[in-house]
Each structure stands twice: as structure tokens, then as C-alpha cells.
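Pulled from TrEMBL, these are the features on record:
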{"type": "ACT_SITE", "residues": "159", "note": "active site, charge relay system"}
{"type": "ACT_SITE", "residues": "221", "note": "active site, charge relay system"}
{"type": "ACT_SITE", "residues": "545", "note": "active site, charge relay system"}
{"type": "DOMAIN", "residues": "47-125", "note": "domain 'Inhibitor I9'"}
{"type": "DOMAIN", "residues": "150-589", "note": "domain 'Peptidase S8/S53'"}
{"type": "DOMAIN", "residues": "392-462", "note": "domain 'PA'"}
{"type": "DOMAIN", "residues": "659-755", "note": "domain 'Subtilisin-like protease fibronectin type-III'"}
{"type": "SIGNAL", "residues": "1-25", "note": "signal peptide"}
């Protein structure tokens, strides 16, 4: 049994239909599975996902017939229990089911023929007006014109639900969903239109069909991510007057199907898998999951397993890399068939300048910019009795802050709550200062009182001033929206980092995108006081949750232009055309403004326009991953769990992870060898005769030889293979990084090379 208790999540949303769903809930007359359980062994019940192999030569006439077979595997006491034990029957993401069982009952099922694995259910906590323009997307021009803004493409978002009726999900300019669409909406289609074409709810505590209104987003996360990916055009979008402009998603003419798999309490793994199962059955083109867990073997990662089923059916899967940076090896969703996304800053500040009594000024950020706040100097205080006071944590009592500006050190958790603590104690304003690891990343949030979030360098100067002045004072001046901030993008402090823990030869994250201070739709009002006249709300939040839908929307645009491309081809196009230079003309930096490694940036920052015309593609299909999985040392059964097919690894050509036809090369140097040769195969996305010539960056302490040095293509879809031989000194103590380029008259196709010391 695989225990998923180490997982940490980030986001999600999905919805359940009983009759037509590929995931069949417990029968309607069963008791809700989260009700108070009366059975004597109720305290021993746990929900398990059971992975089964179908009987050889077996056929099932319907999903109900498949569910009946799953139910027959339950021990008699569970099958006849007065408490609903059967939770979900899966058919498309995996073959298997979810049920509430004791350990003894699980042991009974483990003895059944065809049993492969079990996973204990776990509750996972949850992990824009300017960004389309920042990504080079303009109405009537370029990629938005060529792709019809994602017209006809369907994005499935797994998150916390949706603000039904928000204008970001209106269907002005939308056409009906394509005829191939198999999904639907509950309750006579309430909440659906030509933009929102599917609504399903998967919260296992609900048992059967969810009540009307259950799709509503009580958290805000799902509304935000969905509108970032596919939101329609909304004029005068802003957060408390800041960031004002026309809001739109990356693919504003794409359709949305929402799958609610999370509530305010978190996300259950069996629900997430149920949502993936339904989305595959419904026929989405792109799956967007702003959620994830810590590193896990691929055969024990239900998201990776469900995603493999999706890519087999041509569905592109984009997942968040996680918010556990800047420490190394903190990524989620490391499977090579998933696009793993990191987060960067954008070139917009919502500025709040702090002036100290000594005349020094420091720029910070906040979305709340009160027009009536006086610039008069206020007494400045920094609580110092204990760490919880310095962090202004919820519940601390600080009578000394009344009427003053309070300096709070940023801690894990909500910055908004820091302001609530200060406000509750009578504080007049707040300065949030970063810790050293947070660096230069600042967040513009809808605070409940006048505030400014400052980077570590500026914060350290303010802290020194407070500690060395007899009567420290300060003021805040709110300067509104500033564009063109440099350097941008930079890697955010929270964006999780590689190297890949599960498969070191696969570069992760794959790519980075806008994920800091992203303005998008929101279900309810934010800020210090209610505005009863407001009916449309937006919010500005940050995370790899926010960067992921930018990439999901980008994939939808590419899918619209190239409907026959495989998920791996779309992924390759995004990776090989990404940017590695910021708006100051220098390499992208990290949160400390130091050059960022590929384990922070992946291949680089997404460039949607270039991705639609990449020149060369590093393609893969589902079968290509079998030799890779066997090469990881997985057993036949473990490979079957991932790939849904019987495999005998002894008869398969095994490959090392670095040998997979991935658009990056990552080598871990070892004392036992000092050279390696790997091959890559590229497919020409070109017309007529095209010649690509080699360019290789110099790698410190590493010799790179590529053969051939010229690739000549005569027609589109022609394939060519080249080899890369790398050698290095065993005494190297630092990682070496560089890029390999194939350059033609029209294209420059790049992949990173990393040799880890």
C-alpha cells in the first residue's frame, strides 16, 4: 500500500454528474460517505484508491457493468455495510476504484486476482489584465489572430470551483462547443453557456449527485486559475483600483470545463483522480492542474498515472511545479509526460514607497492604495519580544502598536493575516519585510490596512533604522501601477526547484511563466471594507498555481493552430522556444538577482508566439516511455500501473532517463565514468528544403561534440537524429550549464545541457 501522507498540494476544481459520469458514485440511496458513521469499526475506516488489472479477455458493456465488477471485489461485510463504502469507479484515468475500508478489508482485496496497488487517500491543502500583453498576445495580431484565440479548444481545469455568472466566463463572441464534446452540466445547465461547457463536482463527502450551487467557488482559487487560462474580455478590471485594464485569459476563445475536486478544507486524492477520469471521458484537449505533491515514484503518483492516460488520448497536461522554493529538489509533478511549470515575476509593480525619518526611501508593493491616507510620518515600531510577534502572527496581542506603523517579518502563510493582526491591535499601517531567502520577490496583495511589502535588502535597511533610532518614524506614499519594471522576469522565491528527485536525467521544471501578482477573476470582494455597489470582483495573487494556467492557455493556442500535434510536440515547442533573457538584456535571474540555473528556470520563460512556429520538434509517444520506465528499475507490475498495459521489462529495450527524446540533456557526473553519448531525434516543422546549423555554448570544464553539425531537411515531418558526446574532468566541483542550438534562416531551436558535478 502506498501512503500519500507526504504530499503537499496547491489548488484544484471539479464536478460530479451521477448518470452520465465515467466515474460512478455510490448509489443515490446510499448514505453520504462523510456522515457520522455508526458501525463499530467506523474509526478504522480509511479511503483507498485500488488499482486493478482487468480480467484477461473480459469486456464490460457499460460503466455500470464495470462498477458492478469492482463492487464484487469488496469483502462481504463492506458490501453489506449500512454505511456507504464504495466511493468511485474509475474507467479512463485508471482501472480501479475508491472505497472506504479497514486495513483487514484492504488485505482481503489485496489477495484478489488482478490487484496491482493501493493508495491511501489524503487531504491535500490548496498550493490577468497585463500578462497576455506581456506574453506578446494582442487582439487581431500574431498568435491570437492565427489561433482565433484558442477557438474550438477545450481546457479542463481541476480546482475549487467557479464563480458562476462572473463576466470572465460570459460567452460573448463564443461559438457552441465542438460536436465531439461529451461532457455536460447538471441542474438543467445552470452556470453553463458557450464558454463554460462542462461542470462536474467530485467531492467524495457528497456521495451522489451534488446539490445545485455546489460548483460555486468558496475559495477563489479555481475562479482565478480558470479565468487566467480562458477568461473572456472584461473591461475596467482592477483590484481596489489597482492594475486597471481589460482582463482576458491567455486563450479567451477556448471553452472551459470545470471539475471541482477541492473545498476550503483541501483536496482529496480520490476526488482528483475522479476528476481526471471524467475529463478524459468528456474529451478535453488540455488538462490544467494547479496542484501537486512532493516527489514520489511515478507508479505511486496518482496524478502522474492519470496524466499518462490523458496523453495516451492526445490530451496535453500542465501542472504546477510547487511553491516550496527556493530549496533544491522541492518539485511536484516530475513525470516527463507532464509540463511542469515554475513561476516568475512580471514587469508590473503596484508601488508603495516608504520614506523613513532619515530621508531614505524604499519602494514596496501593495494592491490596496488608499487615496485618503496621509503621508504624515507615523511612529515606526518592530515587535521584538518573540518570533511570533515579529511575524505578527494571528492571535498575538501587541498594545504598543496602536496608532503606529508596524514592521512585520514575512512568514509562511497569509500576508493578509499579518495586516489583520496589526489592525486588530490598533495599528495604523504595516510594512512587511522579506527574509533573506525571499530576496527581491514582493507581492502586491489586497491588504486590510495601508501597507507596503519590501524586499530583503530594503527591509534590512528599515530594520536597522528602527533598531538604531531613538524615535523612528516613517510614511507610505502610494504611487499606483508602474509598468516596465526591470529586471523582469525573475524567478520568484517560492517557485520550487530541481533537480528532479525521481528521474535526475529529466530536467524539471520544464518552463516558467508569470506567477507573481497575477490579476484575474475572483468570487467575492477583497480588501479592507465592503463596497456594496460592486458586483464584479478580481484579485491579485501569486503562486505556481497562477503560472500553470498561463501555460495551459498557451497549449490551447498551439493546439488550435496545430490540432494534429501530440502533447509531447506541443511541450517541445513551448520548451525549445522559451526565453532565457530578461527585459534588461541579461540572463534571467533568481529571487536574489543572481543568474538563475536551469533547475530554477527549466528551459526558460514561455514565449507563446515563438512556440507556435518552433522549427523543430522533439516528439514522443506513449510507447516511448515504456523503455524509460523499465530503465528506472521499475518492476513489470509498477510499469503496468503507470502505462495500463502488461509489460515484461526483460524483453524491452531499456534506456536511461537522459536517453529519452526530451528537449533537454541532464547528466549527473559520477566517479565511475567521465563521458557519455546520447542521441536526440528532431522532426522538421518546415516547408521545402531547410538547413539547420549547430551552435553550442561553451560549458565550463566540459567538452561537447555534436554529430552531425548540420541537419538538412527536404520536407515537412522529416526526422533526423544527432548525437551529443560529453566529457568532463572528474575533478569538476561545479555544475556546468549551457545551450545547444539548431539555427536556420527562420528558426533558432534551443535545448539546455546540464552536467551536474
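In case you wondered, yes, glycine gets a Cβ from its N, Cα and C as well.
Within the domain 'Subtilisin-like protease fibronectin type-III' (659-755), the DSSP-based counts of helix, strand and coil residues read 1 helix, 60 strand, 36 coil. Residue 545 (active site, charge relay system) and residue 159 (active site, charge relay system) are 10 Å apart (CA-CA, integer value). Reported as a whole number, the C-alpha separation between residue 221 (active site, charge relay system) and residue 545 (active site, charge relay system) equals 8 Å.
Residue 221 (active site, charge relay system) carries a helical DSSP state (H, G or I). For the domain 'PA' (392-462), DSSP puts the residue distribution at 23 helix, 14 strand, 34 coil. In the shown protein chains, 28 other C-beta atoms lie within 10 A of the C-beta of residue 221 (active site, charge relay system). All chains included, 33 other C-beta atoms sit within 10 angstroms of the C-beta of residue 159 (active site, charge relay system). Cβ neighbour count for residue 545 (active site, charge relay system): 32 (other Cβ atoms within 10 Å of its Cβ, all protein chains included).
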